[in-house]
Amino acid sequence: MGKTYSSPINPIPKAPKGLAIHHWLNFLQAAYRLQPGPSEFDFHQLRKFLKLAIKTPVWLNPINYSVLAGLIPKNYPGRVHEIVAILIQETPAREAPPSAPLAEDPQKPPPYPEQAQEASQCLPILHPHGAPAAHRPWQMKDLQAIKQEVSSSAPGSPQFMQTIRLAVQQFDPTAKDLHDLLQYLCSSLVASLHHQQLETLIAQAETQGITGYNPLAGPLRIQANNPNQQGLRKEYQNLWLSAFSALPGNTKDPTWAAILQGPEEPFGSFVERLNVALDNGLPEGTPKDPILRSLAYSNANKECQKLLQARGQTNSPLGEMLRACQTWTPRDKNKILMVQPKKTPPPNQPCFRCGQVGHWSRDCKQPRPPPGPCPVCQDPTHWKRDCPQLKTDTRDSEDLLLDLPCEAPNVRERKNLLRGGGLASPRTILPLIPLSQQKQPTLHIQVSFSNTPPVSVQALLDTGADITVLPACLCPPDSNLQDTTVLGAGGPSTNKFKILPCPVHIHLPFRRQPVTLTACLIDINNQWTILGRDALQQCQSSLYLADQPSKVLPVLAPKLIGLEHLPPPPEVSQFPLNPERLQALTDLVSRALEAKHIEPYQGPGNNPIFPVKKPNGKWRFIHDLRATNSVTRDLASPSPGPPDLTSLPQGLPHLRTIDLTDAFFQIPLPTIFQPYFAFTLPQPNNYGPGTRYSWRVLPQGFKNSPTLFEQQLSHILTPVRKTFPNSLIIQYMDDILLASPAPGELAALTDKVTNALTKEGLPLSPEKTQATPGPIHFLGQVISQDCITYETLPSINVKSTWSLAELQSMLGELQWVSKGTPVLRSSLHQLYLALRGHRDPRDTIKLTSIQVQALRTIQKALTLNCRSRLVNQLPILALIMLRPTGTTAVLFQTKQKWPLVWLHTPHPATSLRPWGQLLANAVIILDKYSLQHYGQVCKSFHHNISNQALTYYLHTSDQSSVAILLQHSHRFHNLGAQPSGPWRSLLQMPQIFQNIDVLRPPFTISPVVINHAPCLFSDGSASKAAFIIWDRQVIHQQVLSLPSTCSAQAGELFGLLAGLQKSQPWVALNIFLDSKFLIGHLRRMALGAFPGPSTQCELHTQLLPLLQGKTVYVHHVRSHTLLQDPISRLNEATDALMLAPLLPLDPTTLHQLTHCNPYALRNHGATASEAHAIVQACHTCKVINPQGRLPQGYIRRGHAPNDIWQGDVTHLQYKRYKYCLLVWVDTYSGAVSVSCRRKETGSDCVASLLVAISILGKPQNINTDNGAAYLSQEFQQFCNSLAIKHSTHIPYNPTSSGLVERTNGILKTLISKYLLDNHHLPLETAVSKSLWTINHLNVLPSCQKTRWQLHQAQPLPPVPEDTLPPHTSPKWYYYKIPGLTNSRWSGPVQSLKEAAGAALIPVGGSYLWIPWRLLKRGICPRPESSAAVDPKTRDHQLHG
């Protein structure tokens, strides 16, 4: 079941939110009574169920556990049923509360009578995480329930996404179900936007590849509708959910001014979101508290605003506002299960609003009339909020139209802030103050005081100033200025500013009414006029920084370059350069500066630069951008790679190429990304600081530059492609090829493309333009009238000795020309084998004779390297040649001299490669390549597999490739039906028709059990292997020891091989294995497969001779099922042969492990003498053996478990650290609970008491010392909340708690023994072993029971009141009163009671506990007839 919480040092599971601590403790105590103990999964399911149950109306105080049990769904995971059943047994039944009386006011409509709920209901419980999902279509009630849950949330909000994600997890919907759900939940506009985003995400996912997706079976949406395609359906569901987060408006978080408190959001959570948003949104140095206090009231919901208004705390400190609103929680507004109200007849009286009969006034649709005339215009027909005089005059509001979008992205990294209740801020147009990037933010305003005309002045806008600042020249002469201290950027100032406590009127250009301030600061030096945040907030204005993009080139700047997440700019130092390189670099930088490719720059970031000399003697500028590339995100390229030029139809004979000059330098770079492309030009000999520059255009060396340029060039050429549909424009990077059917159309196309490129600022290079007639060199290939060849072919020297670098370089050149080289994969495979095991470039490789022959074959094939251009009217055919070394495929067309392409595919790196799977993969690869490059699929496939082998594979195989082969079976032809063509002789090569041995099945697999054959069971591990041969009885069994370097997989193979060797006399055999790997391996071998590389190649090759010609039945057996059928029992017997028997602990081993007492050893099989001898022989017990013990004394013991506890804190030194052990012991049973802490505080004491309660139960009384932690207010409040009575020991005597002190000694002794046995034992483990020994192993000699058995026993019987206490002889003591400095002894007096640490002495008419250190034994005072006192009874001191 998992890890249980029986260990006392494990933390208590945290209570669900909204559940009282005493209720949670009841559930914990019930859970700990389960047998076996509860697991983490049980607590997880209990918390999950309680979170949902809290939201239902049956959650009352006290809880009705019987009703709560009815809410648990059938087959609910975990053991929640058992926990609630225990609580039902322990809790007495309660009477139902009386119903509420009806309303007596005749003016009010009667309330809705509550209908009795027939059956308990609860909110729907979805599948837990990890439960298997079962698909079922939506029902109307399901859609209604989902819509009700998301009715108060916006699409894309966290609440909306959480509900939708759980619904998808529960129902496992198909693509059609998700479409229906979207149409039901969202508006048509949101559904349209979601559809666009979903199509974009699906296109990106299809290009990246999806597991199980077949491009030929239709779009992903069609394939996801199949309920059996669970993997594709899961991919579609994730894309469908991701489309919500990409909706416009959901990608940007709300600013701090737009964060609203949700209708069900706690006020504290709302204030926390505001605080985070202000930390991210306010400029540095801006005071946050005034804005936070203002928004905490203005953006709160109606309930919290009413509370603050009623208490007059709308502008109070934030702490008072939090305390005022802490009584309002969303529990008051939780959703409940609605009961259908009883229909009441409509009233006979007319409605006082509309005057009509038939409805109550509360249901009237007529708007409520105003209570009186409008206080503004005295019009009785409208409310004040609708008064026309309060409408904003828009005649002079040109600035309201300046809300233009900024093209530059925001620099600040935003954090995801939760929207309160899924609400969005209202769309209100605030006054905008346009600012400039080059100048300070200023505004022309007019300032006036009482009875003074307004004065025009230019003010500086400062959102960091709490209060407005005005110069002293504007202040009236008779103003009453007061001294004040101002805290600014330069520190506190006391003599520069005065405060004016009178109203100030500020007239703003975009506001008709002036802004009135109650006070402002006066600058006595007449230097500053600052419009502070008090004025800006009152006028509800918004500062707007207009973006002024610099126009560098006609080409638009890219929107995304991969650095939008704004990582820290790289700082790579510039390395030194010699004078020649430095001079060349200076010239190159000067040219780039003149061309306006770079500009001077002062800012962070640096990447090194250096020049490289070309073969013609010129220098090339290189910027090392590897550091920037490492933090740049890859962009999805619009093209999958270079095009296959054989797709250029022969019907387009007229060609022309266009070359672009410095193409990358034509795309402007946004200024926000300049730190990532900055560099430093050093001074000679470091005579001064270097000159800083940064790129203005897209530089070469940036990894996303090719992709960005392709996007820009494709945007320019798209309109031209639509204008000339009969022509082709092939674009790859900065290379462009034009193809047209006629010369006139080619000329027109060339002019159109040239004009479009020149208009966008992309310069052309006319001297590099090529045109037909004649060959065209493009992308390293030569385009002729009917064929495609490569410009250069590798020259191969047939020799036997190669260096690693030479062989790698030659194979790389062969890889480039392999699409046109007529050679099989086997020749290339031999050369790839020669590279294995070599890593040093200086290694010398000696080729074998077979590899040298492969070189000759490739050298001859290179002379025939040529490919045909596509003929649109002819179909495309494919040839597949499967070989043990790899697959060779050819695409060709009939009646053509050369094929279209040669494709070589290596086999996967697995131990067995089924040829059926390889054939299916080749079909998919060829169809995909043909569809991608030629726009059509292959008409037929010619392969080297016989029809007999293919038919047998389709009938007997259970591989997934069978469905693919059956789907394309109508296009299969073996090599007997050869296509026509001049290169037909190639198909008749002997090596193609060579028989493949692995295609012939070496043995036969029977679909059913063979009755007359014996059964073989085998298994293996890393150290042993075993097998059993059974035929009505065990015929043979054997265990094999394996080498130390053997793996578990090899051990299983060893066991099977040994069993097959013993089974040679039988022609048929039943094989039962618990290894899925071996079962699949045998089935693949029976169908035919190519062997692959494996660490157990030798073992795999031994299987074929042992199985040759046999008929076998293979069956997979699940291990460790404990079933009683013969197959499971024989498999368990095979496993048992490799395992040693599990023996119980003997008394000696038990004592070595736990150091328990002799009585515990006697309970585990040892005699009294043996137990005594074991303890005496233990070395650890001899070294650590406590001498002496404290006297028993008298303590207050409980008469039942959990009646009275004693608690104490003892200290333990462990590895240079001092730990506190918080010990709780039950005075009745002696059961102990311990918590290990680093501190001794009130919180630690509360936590330790919670741990003890969860294990031992809740006590009625606890007794501790008078330490500060136990007397803290937090601990006292916790005890009072659980109704636990707390008392302390005797004052001034910390040793008076005898039981817990003795327990401390026993605990420390055991821990010391465990640490002596193992110095590296963790302290938590030592504490757990000690508790196990004390509570469950050690036997108390007085009752012959363990402490835990005594803790579970019945309470002691009550003592009759007439029972007299035993008579004891009186004892007399001299004493000193604790706390007094008097050194004289008082007494003697007679003690009333004695305990382990003190005695109860009558002092001055009362009784005090006096510790032993302040007591001295005395004798009875001499009576009047005194006799000689016995000298033996003289005073003496006794220490307890």
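Even glycines carry a Cβ here, placed using N, Cα and C.
Which of 102-119, 372-389, 750-767 counts as zinc finger depends on Swiss-Prot, and there it is 372-389.
Listed ranges 349-366, 403-420, 691-708, 709-726; the one Swiss-Prot annotates as zinc finger is 349-366.
Feature motif 'PTAP/PSAP motif', per Swiss-Prot, maps to range 98-101 of the set 98-101, 278-281, 1198-1201. Residues Asp734, Asp735 are given by Swiss-Prot as Mg(2+) 1 binders; from Asp659, Asp786, that same site also lists Asp659.
In Swiss-Prot, the annotation DNA-binding region applies to 1371-1420, one of the ranges 871-920, 1021-1070, 1371-1420. In this view, the densest Cβ surroundings among the binding-site residues Asp1019, Asp1074, Asp1135 belong to Asp1019, judged by other Cβ atoms lying within 10 Å. DSSP assigns Asp1074 (Mg(2+) 2 binding site) to coil, not to a helix or a strand. Each residue in Ser1018, Gly1020, Ser1021, Ala1026, Gly1055, Leu1073, Ser1075, Ser1119, Asn1131, Thr1134 lies on the same chain as Asp1019, Glu1052, Asp1074, Asp1135 and has a C-beta within 8 Å of the C-beta centroid of that Mg(2+) 2 site, without being one of the site residues. For the zinc finger (372-389), residue counts in helix, strand and coil come to 5 helix, 0 strand, 13 coil, using DSSP. Taken together, the residues in the domain 'Reverse transcriptase' (593-783) have a mean pLDDT of 86 on the 0 to 100 scale.
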